[in-house]
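Feature annotations, reproduced from TrEMBL:
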- 3-339: domain 'RecF/RecN/SMC N-terminal' (DOMAIN)
- 30, 31, 32, 33, 34, 35, 36, 37: ATP binding site (BINDING)
Ligand SMILES: Nc1ncnc2c1ncn2[C@@H]1O[C@H](COP(=O)(O)OP(=O)(O)OP(=O)(O)O)[C@@H](O)[C@H]1O
């Protein structure tokens, strides 16, 4: 299962680009600012969520274009019982520029429907600070990985966020909150919060099982653990929320729950937290997680792996090892680079796409 034909209309600097006949390995090559990452970002929108850059939809529309953008792709080899490819598409319209629409086989669908066909993972230079940065980014990262495996995870995350905002609003109000209203909101928090924690913990377990099955060298093996930010289980969480109303009111925010979770990552062999590893080691740990996740995601559904500027920073031995693992995994891979030289080892088996000034040509 893989994408075969991809088209971008009025997306970033691409007026109309079509990639016909994508391979299992795809190299996107071009000068700085050519529009390579834009192709990856367009692909990332074929999953629920805000895409690889978490950008506003209006920023994605090509400057000067009149009526929104469109990204479409056909998925071949899916187990549908028919030979026809599955057509996936997402677009915006000028009349409602802030609304992303999704179509599956021509029928208007919810964004989560994309997740039933495709699991998409990515690694970008913007993620370099993941281990040293804010816990919120690691939670978001965990959720993105989890929703690629189980699209329903996104719904729990959304509902939890909504209920959390509502409880915090009530707690910071000057008036005493209505306890029955709090009961109802806390029931929502406990329900979706429990599903969220369970989804994150399940993901970490599954990732670890995949990681230990991979060879240790030359990428360091990460050890992941899920650090819960509140009591686990419906009863425990709803009781804590109920018992801590007074304290949370003083703090004007909710202090228990999965919005306080974190993902802890160690360089396993050294028992050193990832945040204290070198830049190169951190990148290698992230790559190891990314590859393990793609392998996990490829079970049962088409899996796409988007690697933005990843190869240039690896020494030749690690680069070769990366290609080896990508070959062994089941994901369709998209890698960007400013030149072809670092990819010589896979240039024969890969489709090479040359990008220049927002247009794409097959080499
Ligand atoms: N909405 C938009 N309309 C038109 N052009 C845009 C839009 N958004 C971004 N761009 C342009 O797209 C170009 C950047 O494309 P992209 O990020 O894909 O580059 P790249 O090929 O990955 O480059 P690098 O190698 O430097 O990372 C920039 O020139 C930027 O100004």
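Keep in mind that glycine also has a Cβ here, set from the backbone N, Cα and C atoms.
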Mean of pLDDT values spanning the domain 'RecF/RecN/SMC N-terminal' (3-339): 94
Collapsed DSSP category at residue 30 (ATP binding site): coil
